[in-house]
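Here is what TrEMBL says about this protein:
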TRANSMEM  A:6-28  transmembrane segment
TRANSMEM  A:66-84  transmembrane segment
TRANSMEM  A:137-156  transmembrane segment
TRANSMEM  A:177-198  transmembrane segment
TRANSMEM  A:253-275  transmembrane segment
TRANSMEM  A:287-305  transmembrane segment
TRANSMEM  A:368-401  transmembrane segment
TRANSMEM  A:421-443  transmembrane segment
TRANSMEM  A:484-509  transmembrane segment
TRANSMEM  A:530-549  transmembrane segment
Amino acid sequence: MTVLGWLQILLVLVAVVAAAIPLGRYIAKVMSGERTFMTPVIAPVERVFYALSGVDAKREQGWRSYTLAMLAFSAAGLFSLYALQRLQGYLPLNPQGFDGVDPALAFNSAVSFITNTNWQNYGGETTMSHLTQMAGLTVHNFVSAATGLAMAFALIRAFTRSEAKTIGNFWVDLTRGVLYLLLPLSIVLALVMVAGGIPQTLLASVEATTLEGAKQVISVGPVASQEAIKELGTNGGGFFNANSAHPFEGPSAWVVMLEAFSLLLVPVASVIAFGRLVGNWREGRSLLATMGIVLILGVTVLYAAETFGNPILTALGVDGAAGNLEGKELRFGQALTALFSVGTTGTSTGSVVAMHDSFTPLGGLVPLFNMLMGCITPGGVGAGIYGILVLAVITVFVAGLMVGRTPEYLGKKIETREMKLAMLAILIYPLLVLGFTGVSVMLKTGLDSLNNSGPHGLSEILYAFASTTANNGSAFGGLTGNTLWYNTTLGLAMFFGRFAYVVPVLALAGSVAVKRKAPASVGTFPTDGPLFVGLLLGIIVILYLLQYFPVLALGPIVEHFAMLAGKAY
Amino acid sequence: MASRSATSLFDPAIARRAAIEAFRKLNPRTLAKNPVIFVTEVVSLGVTILFLRDLITGNGEALFSGQIAAWLWFTVLFANFAEAVAEGRGKAQADAMRRTRSDTRAKRLVDHKHLDGAFEEVNALDLKVGDIVLVEPGDLIPSDGEVVAGIASVNESAITGESAPVIRESGGDRSAVTGGTMVLSDGIKVRVTAAAGSTFLDRMIALVEGAERQKTPNELALSILLSGLTIIFLIVCVSLWPVALYSGATLSVTVLVALLVCLIPTTIGGLLSAIGIAGMDRLIRFNVVATSGRAVEAAGDVDTLLLDKTGTITFGNRMPSEFIAVSGVPEQALAEAVLLSSLADETPEGRSIVALAKSRYGLTEMDLSQAGATIVPFTAQTRMSGIDLKGRSLRKGAVDSVLASVGLGDGGGPPDFRAAVDKIARTGGTPLAVAENQRLLGVVHLKDTVKPDIKERFAALRAMGIKTVMVTGDNPVTAAAIASEAGVDDFLAKATPEDKLAYIRKEQQGGRLIAMCGDGTNDAPALAQADVGVAMQTGTQAAREAGNMVDLDSDPTKLIEVVGIGKQLLMTRGSLTTFSIANDVAKYFAIIPALFLATYPELGALNVMGLHSPRSAILSAVIFNALIIIALIPLALKGVPYKPIGAAALLRRNLLLYGLGGIVVPFIGIKIIDLAVSTLHLA
């Protein structure tokens, strides 16, 4: 680790917080329908959308109809995106002349993009036409992120209201999220990226003559526009297979720093918006501190593990002082790689600048554990907030009892129904991750996709299911996902990881909204201070450590001890 | 307060009965109500079958699987035992109460329209609501009822544990009598208000036995958390089998079950119902009967306490605080005049004036029977009282009346006298003027005396985040003075029952939970509206029906302790849950390296406790898991001590004790058990 490396990391983090504070205020206004400086420009467009779709923006929905709207919208997205991929061979804007995408892969990719996962079992430049990329994938990059944002603010609203039957209007939340937030930010960011060297063209490729005189075909396309929303919407689906490690997605260190900044920006700003909306910025601060501590711990472990290097390689004569550089871009280095990898898995982005498969065992454990926790540090757009709120509810319940009162969070009593819904949401992750991993290691078809055997092979499979279930989408690498088995199971993991989780969350919103808001007193368990941060951290770590310790012991942990003993698998 | 005979935690008789009861509770239909322990029982059965298989096939596994099976059964039995001990303590009390109820005879009036008519002797169980019974000295009152004629002193010790008799009479607020109590003197006629089987005593018996026990809302929510964790750990253990197989280790069902039982929250799962029963029991030992566990939980949540001024905040009667003489009159002379004029005054006020005169001015009482003393009693017309003796005419009474008697008009008297009277009125006191032979001597300051330690108790409540509101019929000036002296947060002056009800509704609208106590029939609506309504045992039947708790000692200050007991109940649950979950960390460090040491020797690095062998490690973790339930029974029954130090400090303290303790203790415990197991060559 170097001072310069840490300065790089801190620079990005400080910039994120500095930018997130005003942006958070803006998001709070946008999501509560207040007037902002963008209103004069966007409101007319917004009204056109409502008029065309027949939405009454003034009418709010109860949690059931909110949920149904969200599910209907996602289902429509799923089917249309599947159809678009299958039919791309007959559609325009297909300069490379790609055929329709294979059914299993099209299902996987469609689920992947409507759930904000952006797991890619395909190579973009070799599978998807420009039309599919722009009208399909990029559109869903926007709306799946806005869907997450909508659900998060429905839950936040529920906590701010007292004895309310409604939690907002899904169509309004969705529209405002895209029009006021994601679209303007993406336009600005895409232009900056173009300036930074990322291509934006409808051409399929350019030809270059190498120094040896050979002809080289280099794929290009409308990259910058997708790149911007890829990070801002915590999507992570790259235009190219190599994602941000590709020189056209991450051309230089400063662009990658900008990308790391962009992927953290909206999640962090949403937490600040949460604090404003619940009327106590300290509540937001304590959640943000919790997320921040996990994030910085993750960066530290990853950075330390990678600079410590691999004693086996050192023994073979590789310069140990440089640490582990396998699978990394030298133009980013270990510090930036550590920050980006932790950021991309702490949010549900999943874009990568390095091969996570090539990290040291402990280094690889960090992004893996980030996703096993459900990507909540600071989480995907919207998903981070509702994810951590569910955990806060559980924390408050356990800890609140210890102060001798029926636990309450933000003035809402946490009772049987809330616990039922929170536990239901929490349960779905281990069921999907451990269940599918358990079955995959038993099947020949599951093991055939592996590059490695032993503990590392287990990590590869576990990583894939952790990534898809948490709707992250980053790939460890080393696992061939484009098979019938993985296309299907990973698709199911993404689908249920999103919808089986958010339906209880929206039900929780409905249940919390109708409760009367109780004022806080000295006898109330305080949730806006360091004590709560410590508790929330404790619950998160203990809850997830207990769930995944056995399987992690057989994966990265044993690999780590084996590496120290000079043994490789 | 008369506390019930304290049963020691492990009374041998109770423990013996509980041990038998623990086996009876193995019935899966009973256990199904407790998901964590039910799962433990099911897997225990599975491991027992495996043990039998090992025994028959003689594959050398029998010693290990037999021990695991045995300890799994112990885990279930210990949990059952905890519940049985908690119930047993209640049963012992219930038996004593039941003895008073059995074969009571009642003298029922043949015609209940004629109160003087003949009566017939019937069994108490045959009485119906509306019957009128005659109860004579030495008789047990056969059922709950209302006195319709007569007055009697009644020994209610069967219910309250307090042996001093109380007066019960027809009409007014002391008309309710309770079945099972004994009339000591005089005879009363009682209209029966409760059918056989639903009397207060019956309800109390059912309650202490835990027969009517239903899961309370918070207990239910906690059960869901525990069930959720159980399902999560089931997923973890089931999925571990294929993953282990992939890694080259074949895990036996026995060790997977051992891992499962160690991970699921058996500690809190096993103690949960014992905690609930013990909470109710604590309240009963405190002589407060709650009609439901829900009420006890609500008590822990109370935000606002509505307290009657009289009897709770102040002593029931006004007392003199000082004698203020007008200029030219020595204070000693005033004191003597006051003493003389009050000697015949038998009211509590009069007696306390005498007491002050004697204690502060060293005066002695004189014998009134000596010649010439004429007592002038208080009347509503004169509004003064006094004494005439040997040419001295002493008068004491309301200021305007005394002024009139000395020939001064309303508002008259020397300036220092006026100043003293005004000051007393301003601070909420009552001034009494004193005159001798048409000469004004001075004024007695009578005031409502705030109980000595009440201010500290309210400060403690404030630290818990509870607001105190004083309810009084006094005018706002008096009320404000007493409120500031007692340190309550708010007061309700000139309060009518409607005002009380309105205040409760208003607070509840704001999301607060209210507790109050009351005894009169006019308190009933407010008692019913409050979240926690404590009715006094001496109160009317209507009040007792409306509240959700009855205080057998009729001591309104106990409301404060009731809140503490409610908090203690919730805290005990929370602390043991935290402890239980934190325990899992150490168990992982014992079991995971043990499971995979053969496959991955590198994982020996995780064996931080240096346990003897894989088998001893697994066995030790299981034994620890079972024994910790027994070890925590006393804590579950006694409850985690509650201190009013504010939520944050309380949390910090409990977190340190039960969170950090929960992580550290099993490391030590498992290591010690492992040493024992390996020394005894058990594994």
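Cβ from N, Cα, C; glycine included.
Sequence-distant contacts of the transmembrane segment (A:6-28), counting only residues of its own chain at least 6 positions beyond either end whose CB sits under 8 Å from a CB of the stretch, comprise 36, 181, 257, 260-261, 264-266, 268-273, 275-277, 284, 292, 296, 299, 303, 335-336, 338-339.
Within the chain, the transmembrane segment (A:137-156) has long-range Cβ neighbours (under 8 A, six or more residues past its boundaries) at 31, 63, 66, 70, 73-74, 77, 81, 109, 113-116, 118, 128, 167-168, 170, 173-175, 177-178, 181-183, 186, 222, 225-226, 229-230, 232-235, 237, 266, 270, 273-274, 277-278, 380-386, 389, 502, 505-506, 508-509, 512. Within the same chain, residues 26-27, 30-31, 36, 38, 42, 45-46, 49, 142-143, 145-147, 149-150, 223-225, 227-229, 231-233, 248-249, 251-252, 254-255, 258, 262, 265-266, 381 sit at least 6 positions outside the transmembrane segment (A:177-198) and bring their C-beta atoms closer than 8 Å to a C-beta of that stretch. Ranking A:253-275, A:287-305, A:368-401, A:484-509 by CB pairs under 8 A with the transmembrane segment (A:66-84) puts A:484-509 at the top.
The stretch with the most CB contacts under 8 Å to the transmembrane segment (A:287-305), chosen from A:253-275, A:368-401, A:421-443, A:484-509, A:530-549, is A:368-401. Here the transmembrane segment (A:484-509) lies next to the transmembrane segment (A:368-401) in space: the count of CB pairs under 8 Å, restricted to residues six or more apart, reaches at least 3. Sequence-distant contacts of the transmembrane segment (A:253-275), counting only residues of its own chain at least 6 positions beyond either end whose CB sits under 8 Å from a CB of the stretch, comprise 8, 11-13, 15-17, 19-21, 23-28, 31, 145, 149, 152-153, 156, 181-182, 185, 189, 192-193, 196-198, 227-228, 231-234, 236, 244, 281-285, 287-288, 291, 331-333, 336, 339-340, 343-344, 347, 349, 351, 353, 378-382, 384-385.
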